[in-house]
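Worksheet: one structure, shown below.
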Amino acid sequence: MNPNKKIITIGSISLGLVVFNVLLHIVSIIVTVLVLGKGEKNGSCNETVVREYNETVKVEKVIQWHNTSVIEHIPYWNGGTYMNNTEAICDVKGFAPFSKDNGIRIGSRGHVFVIREPFVSCSPKECRTFFLTQGSLLNDKHSNGTVKDRSPFRTLMSVEVGQSPNVYQARFEAVAWSATACHDGKKWMTIGVTGPDSKAVAVIHYGGVPTDVINSWAGDILRTQESSCTCIQGDCYWVMTDGPANRQAQYRIYKANQGRIIGQIDVSFNGGHIEECSCYPNDGKVECVCRDNWTGTNRPILVISPDLSYRVGYLCAGLPSDTPRGVDAQFTGSCTSPMGNQGYGVKGFGFRQGSDVWMGRTISRTSRSGFEILRIKNGWTQTSKEQVGRQVVVDNLNWSGYSGSFTLPVEMSGRDCLVPCFWVEMIRGKPEEKTIWTSSSSIVMCGVDYKVADWTWHDGAILPFDIDKM
């Protein structure tokens, strides 16, 4: 066979094979369509699975095509029910670590926000860490000058408890340089205070949507708790301050339902000072342990009833829990009046345990370093100095900061009482260290039925960062 005939023969065979292959594909497609058409009638290939959760229903649609599964998740809102939160606080013997975010250590090479004032609050399903960002990242030029409390760049954001405040997992909550947040069992309510010092505004969000506002009534830095607000049977309560930080100011209790204010009352507290209350539910009421930034080294307390009647005074215990403070031996407690003459202060907390109290404080009397929690026998009702429990959380060689309270709801814990928990902020950078920035991380502890050994769960970041050396 001559070369030309060979080429023609090979070409003809190749063309025939191509045509045969195309016909096979057409037959395969027809058979597949017929088979899948029959399968749809008995639902063997296409099926929809519905799984229900506490707060949402997740529809999982599975489409199978030639052994390939495509899963599509379609979340939609299920209202749920209000949390009761009328149970008593559990009596606990110690506090075990719940979470630690290590945000500053991670932030030396990760995309982590510069923050302050972190706090924790829980829904029936999850606990979240809320924090006030500075609109900047660690180890970045915009972190310069973030020691400043109030700026238009500050926002309230949140992550699941234990996560660092990073840009990939954080959820925006509100524009704010002061804030509080809590869950009523159905949706999150967040309150963010922002604006100029003389005309600040608190914007209430419910389920992520702005629902109400509070305008500054005294024209002097309207501010709120910097920790969890408290919801009982669908109504949520929080405390706000407007006025000077170093003399008499004005204080109000607010009550909201589904993010709309349904009640408020002025707190009469002449000669006393209330800021940054740490509140929790207990026996159907809201109990708050606050900060006196004027004179007292003992802490103000507020006990709020659902009808907004209240009792105000000071934590009776014969040991001071604010910073700075004098020596314990020279302190005499009072249930009604500020004691000591140390101005300034730091946000703190306490938990009533019958007539006893667990109260947190820095270990240092003069600076925000170290942290311990003490149980004082009869310290809620009497000027007792008797310590019946003590636990160190951060040693005095390391920085601490603000601290505050929250509870685990019975829907989460499975117990018939509310588990008391607290967080400790660990501030790094300015003004104590040679950096251009100020930020913090936190350790979170929850009450248990056993004593827990002392240790130091300090921040641990090695400073300065690269940005501080430029």
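Note: Cβ is positioned from N, Cα and C throughout, glycine not excepted.
Small disclaimer: the values here were computed from a predicted structure and weren't measured.
Residues ASP292, GLY296 are given by Swiss-Prot as Ca(2+) binders; from ASP242, ASP322, ASP328, that same site also lists ASP322.
Swiss-Prot lists a disulfide bond between CYS279 and one candidate from CYS288, CYS290; that candidate is CYS288. Within its own chain, ASN84 (N-linked glycosylation site) has ILE232, GLN233, VAL410 as residues 6 or more apart in sequence whose C-beta sits under 8 angstroms from its own.
Straight-line distance linking the Cα atoms of CYS236 (disulfide bond) and ASN293 (N-linked glycosylation site), rounded to a whole number, equals 26 Å. In the three-state DSSP reading, ASN84 (N-linked glycosylation site) counts as coil. Listed in sequence order, GLN225, SER227, SER228, CYS229, THR230, TYR237, TRP238, VAL239, VAL286, GLU287, CYS288, LEU302, ILE304, SER405 are the same-chain residues at least 6 apart in sequence whose CB falls under 8 Å from the CB of CYS279 (disulfide bond). CYS231 (disulfide bond) has CYS182 nearby among the disulfide-bonded residues CYS182, CYS290, CYS316, CYS335, counting only those with a Cα within 10 angstroms of its own Cα.
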